[in-house]
Amino acid sequence: MGCTVSAEDKAAAERSKMIDKNLREDGEKAAREVKLLLLGAGESGKSTIVKQMKIIHEDGYSEEECRQYRAVVYSNTIQSIMAIVKAMGNLQIDFADPSRADDARQLFALSCTAEEQGVLPDDLSGVIRRLWADHGVQACFGRSREYQLNDSAAYYLNDLERIAQSDYIPTQQDVLRTRVKTTGIVETHFTFKDLHFKMFDVGGQRSERKKWIHCFEGVTAIIFCVALSAYDLVLAEDEEMNRMHESMKLFDSICNNKWFTDTSIILFLNKKDLFEEKITHSPLTICFPEYTGANKYDEAASYIQSKFEDLNKRKDTKEIYTHFTCATDTKNVQFVFDAVTDVIIKNNLKDCGLF
């Protein structure tokens with residue numbers, strides 16, 4: 001008699017087993033859900049990383065989606081040449097060919113309607129082409145650190161002939177290079193290595209930062225983007241503030257924030273291609289007067305890396321995972337994101353006591 005298990009006990013044991021199973025499944029599901037927060041100052045490349053996730057993990061942009069970016073490409077191209085021509089007045093640079101002054105007047109007369117309609121008419125593309133070929137305009141472009149200019153300016157202006165075709169459809173690379181200021185929070189979902197990612201891209205300009213706070217809860221990792229090439233630039237919203245210094249200030253507040261004690265911090269030192277180009281003729285001492293190294297990519301990039309990593313006040317318990325990136329290079333982003341995912345998996349296993 002003593003060995004007999006009552007029907008009630010059996011049912012209770014089954015219920016207990018089922019609860020354990022559900023808890024285990026919920027735990028496994030939670031461990032497979034990854035919430036990534038993309039942070040960084042304005043124009044550091046966050047939105048480009050999000051676009052790359054669509055290209056790498058979601059079959060990219062369809063022809064119809066690319067077509068919808070045509071007006072943005074036109075607008076970015078028009079805004080870029082206008083910014084350069086406006087800066088010529090401030091920097092007192094003349095056109096090499098005086099007749100380009102007429103083209104400049106035409107540019108400002110035609111651009112407003114073209115942008116409103118999302119088009120690039122032949123007369124306007126001709127004006128832009130002639131202006132971009134002028135040596136005075138090129139001299140002003142060479143001094144672009146002295147005013148605000150899109151990173152994609154030369155990319156679009158050098159390819160104007162293709163962009164101005166009547167049957168133009170933007171390529172994936174054209175879409176990656178588009179610049180639209182992020183306002184609010186953009187959420188992207190994708191699956192990779194059996195993990196379900198939710199990625200949040202947050203506006204980087206100062207006015208956008210107050211919107212970050214409610215995204216903080218339950219974040220698995222933060223990807224903090226820094227534009228390496230911004231070391232000699234000032235902010236669009238505060239022309240007294242060096243962009244790199246602003247980025248460091250922001251990284252300090254994120255890295256040492258009590259909200260993020262247990263959050264993996266991944267540092268993307270981005271725009272390495274632009275930095276490599278720029279460092280040979282624009283010294284790092286503009287940003288860091290104490291720098292005594294060579295104005296060469298490896299040495300200067302390592303110095304910036306150490307400046308950011310040194311801001312971490314919890315080095316004994318918190319590791320910063322740093323990667324040098326070029327957000328417009330799909331292969332590079334794919335390689336880096338693969339490494340980032342491995343770190344997330346490893347840290348998830350640690351949290352579950354399995355590593």
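In case you wondered, yes, glycine gets a Cβ from its N, Cα and C as well.
Swiss-Prot lists 40-47, 176-182, 201-205, 270-273, Ala327 with the feature GTP binding site. There are 19 other CB atoms within 10 A of the CB of Thr182 (Mg(2+) binding site), with all protein chains counted.
Residues annotated as Mg(2+) binding site in Swiss-Prot, with similarity to another entry given as evidence: Ser47, Thr182. The Cβ of Ser47 (Mg(2+) binding site) has Val180, Thr182, Val186, Asp201 as same-chain neighbours under 8 Å, each 6 or more residues away in sequence.
Annotated domain 'G-alpha' per Swiss-Prot: 32-355, in sequence order.
Summarising the annotation, Swiss-Prot assigns S-palmitoyl cysteine to Cys3.
Positions annotated as ADP-ribosylarginine by Swiss-Prot: Arg179. Long-range C-beta contacts of Arg179 (ADP-ribosylarginine), restricted to its own chain and to partners at least six residues apart, with a cutoff below 8 Å, comprise Glu43, Asn76, Asn150, Asp151, Ser152. In the three-state DSSP reading, Arg179 (ADP-ribosylarginine) counts as coil.
Annotation source Swiss-Prot lists deamidated glutamine at Gln205, citing experimental evidence.
Residues annotated as ADP-ribosylcysteine in Swiss-Prot, with similarity to another entry given as evidence: Cys352.
If you look at the region 'G1 motif' (35-48), the same-chain residues 6 or more away from its ends with a CB under 8 A from one of its CBs are 151, 176, 179-182, 186, 197-205, 212, 215-216, 218-227, 230, 235-237, 243, 246-247, 250, 254, 268, 270-271, 325, 327-328. Here Swiss-Prot flags 35-48 as region 'G1 motif'.
Beyond its flanks by at least six residues, the region 'G2 motif' (174-182) meets 42-43, 46-48, 51-52, 55, 61, 65-66, 69, 72-73, 76, 150-152, 155-156, 163, 201-205, 208, 327-328, 330 of its own chain at Cβ-Cβ distances under 8 Å. Annotation source Swiss-Prot lists region 'G2 motif' at 174-182, citing sequence analysis.
Under the heading region 'G3 motif', Swiss-Prot lists 197-206.
Break the region 'G4 motif' (266-273) down by DSSP state and the numbers are 2 helix, 5 strand, 1 coil. Swiss-Prot lists 266-273 with the feature region 'G4 motif', giving sequence analysis as the kind of evidence.
The region 'G5 motif' (325-330) scores a mean pLDDT of 97 in the predicted structure. Among the features that Swiss-Prot reports, region 'G5 motif' is placed at 325-330.
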Number of Cβ atoms other than its own within 10 Å, given for Asn270 (GTP binding site): 29
Residue, out of the binding-site residues Leu176, Val180, Ala327, whose Cβ gathers the largest set of other Cβ atoms within 10 Å: Ala327
Protein Cβ atoms within 10 Å of Ser44 (GTP binding site), excluding its own: 27
